[in-house]
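Q: Below is a structure I'd like to ask you about.
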Amino acid sequence: MRTALLAFTLFAVCSAQTKIVLTNDDGWAVAQIRAEYAALKAAGYDVVLSAPASNKSGTGSSSAPAQPLSSPCEYNSCPSGSPAQGFNATDPRLNYVNSYPVDSVRYGIQTLSPKFFGSKPDFVVSGNNIGLNTGSTTQISGTVGAASEAALEGIPSVAFSGSSGDQVSYTTLSDTSASSTQAANIYTSLLLKFTNQLLGASLLTPILPTGISVNVNFASISSCSSASSYKWVFTRIYADSTATDVETCGSTHLTAETTAISKGCIATVSVFNATTKSDVDAATQKYVYDKVSPILSCL
C-alpha cells in the first residue's frame with residue numbers, strides 16, 4: 001500500500017508541474033488529437049495544442065512560413081481568410097498553424113508556451129498519428145518530424161502512431177460506437193500510460209537525453225478490445241543483426257518495430273536520434289529502457 005501511495009504521489013506531483021505541447025501531422029481538428037487533449041488535461045497536465053490547420057501527413061521535416069488560409073481549415077474548423085495562426089474561440093489553448101508539423105510544434109514551443117506557461121514546455125507529445133510510422137516511414141513522417149524538431153530545440157518528445165482510426169472530425173467523438181472513436185479512446189489511454197510512466201520516472205533526472213526522441217507505435221485494435229490488451233515491447237527502428245543493443249529479455253539484439261508490431265496486440269518503443277531519425281547506441285537505449293521498464297514485456 002505504501003509503495004502504491006508513493007507512486008501515486010510522484011505522478012500527481014509530476015503531472016501538476018509538467019507543461020506539454022501537443023501536436024500532430026493529421027491536423028488540429030482531427031478526433032484523435034482532441035481526445036488526447038482532453039485526457040491529458042484530465043490527468044492534470046498543463047497542455048496547449050499547436051497543430052497544422054489541415055492534414056499534413058507524410059511531410060517529414062518540411063518547413064515553410066505560415067500563410068493566411070486560402071481555404072477553410074479541415075472539417076471547416078476555421079473559415080477561408082483566417083490568419084496564418086489562430087485558435088478556438090472557446091478555448092484559446094487549441095491552436096492551428098497553416099503550415100507543416102515542424103512549424104506547428106515550433107510555434108507551440110517558441111510562441112504559445114511563453115504565453116500560456118511563462119516558460120518553455122517540459123515535454124512534447126507528437127501524434128497519435130493515424131497510421132503506423134515504423135521503419136523507413138519514420139523518415140517521411142510529419143509526426144516523427146515534429147518530435148524530432150522538438151528534441152533538436154531541447155524539448156524532450158515522443159512520437160506516437162497507431163494502425164487503426166480514420167481522418168474524421170473531433171465532433172464524431174460523441175459517437176462512441178464508431179470504430180474511429182474506439183481507436184481514438186484506446187490509443188489515447190495507451191499514450192497516457194506511456195507518458196505517465198516516462199514522466200513519472202523523470203522527476204530527478206532529464207526526461208530524455210539531448211537530441212534524442214522516442215517512436216511509439218500501436219498495433220491495430222481489430223483484435224485488441226482495450227488498452228489493457230496491449231503488450232509493450234522495447235524495439236529498434238531498423239532490423240540489424242550486427243548491432244549490439246541494450247540487453248532485454250536475455251538478448252542484446254532488439255527486434256525491429258515492424259516485426260514486433262505484427263505479432264498481435266503490441267505497442268513498440270524505439271529510441272531514435274532526432275537528427276538522423278535512426279537508431280541509437282545501447283547506452284542511450286538503456287537510459288530510456290530503465291525509465292519505462294515497469295510497463296515493458298518480452299515479445
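For all residues, glycine too, the Cβ spot is worked out from N, Cα and C.
Annotation source TrEMBL lists compositional bias 'Low complexity' at 61-72. Per TrEMBL, compositional bias 'Polar residues' is recorded for 73-84. Feature annotation from TrEMBL assigns domain 'Survival protein SurE-like phosphatase/nucleotidase' to 20-236. The region 'Disordered' annotation in TrEMBL covers 54-84. Positions annotated as signal peptide by TrEMBL: 1-16.
Would you situate these features in the structure and describe their surroundings?
A: For the compositional bias 'Low complexity' (61-72), same-chain residues at least 6 beyond its ends with a Cβ under 8 Å from one of its own Cβ atoms are 53, 78-85, 97-100, 102-103, 106-107, 142, 145, 148-149.
Taking the domain 'Survival protein SurE-like phosphatase/nucleotidase' (20-236) as a whole, pLDDT averages 97 in the prediction.
Taken residue by residue, the region 'Disordered' (54-84) breaks down under DSSP into 3 helix, 0 strand, 28 coil.
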